[in-house]
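Take a look at the structure set out below.
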Amino acid sequence: MPYFIQRLFNTCKSSLSPNGPVSEEALDKVRNVLEKIKPSDVGLEQEAQLVRNWPGPGNERNGNHHSLPAIKYLQLHECDSFSIGIFCMPPGSIIPLHNHPGMTVLSKLVYGSMHVKSYDWAEPDQSELDDPLQARPAKLVKDIDMTSPSPATTLYPTTGGNIHCFKAITHCAIFDILSPPYSSTHGRHCNYFRKSPMLDLPGEIEVMNGEVISNVTWLEEYQPPDNFVIWRVPYRGPVIRK
């Protein structure tokens, strides 16, 4: 039945704008609907069965393998206010560390297990640097394994772990709502990051408000490897009436 996904779409439409969520209360409405999602709500019943049949981590491919497991992306909707999509990830697949500039992101694990690592910039107001490739200090927000069903997560433009990466432990799917969505026109590019290899960077810094942040991680922008590919595939779940 299309009831769930239609209700979620309608809630997004009334709660999200080209500038992001219209209010925290509106964002809560979207989150409350998203919490109830099941694989059958988006046509992923068969994919979810793969988790039960998965033989275990012995067959997992290392993230440095020459041919990384293929990740699939199903786009349900995109407009100026928000985008809705699902990443289906096989065991061992990785979505590298990436950001969501000026965006609020709701994510929900639909099935399976994954490892999530996320950061926020130590000084978020320094987003416009003379050299965008120079290393910037970031603070760790999350470094955990997640298994469905687990609560939906919320990333804000400067808090909540806006820069994150995923590694699939089992077959898994992550449902994403971005508001506003990525847009080259509006300067919201998806940039990828890695830990800086420089050894002389400080592990502790004092930011502009006087706060001292220890265990700093320095991140630098980079191009992900050529074998990192996300395949766009058609969404075949219940139809959304727009």
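Backbone N, Cα and C define each Cβ position, glycine as well.
Copied over from Swiss-Prot, here are the features:
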type    : residues              : note
BINDING : His98, His100, His164 : Fe cation binding site
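With a 10 A radius on its CB, His164 (Fe cation binding site) counts 23 other CB atoms from all the protein chains. Excluding the listed site residues His98, His100, His164, the same chain places Leu97, Asn99, Val105, Ser118, Leu155, Asn162, Ile163, Cys165, Cys190 with Cβ atoms within 8 Å of the centre of the Fe cation site Cβ atoms.
Mapped onto three states, the DSSP output places His164 (Fe cation binding site) in strand.
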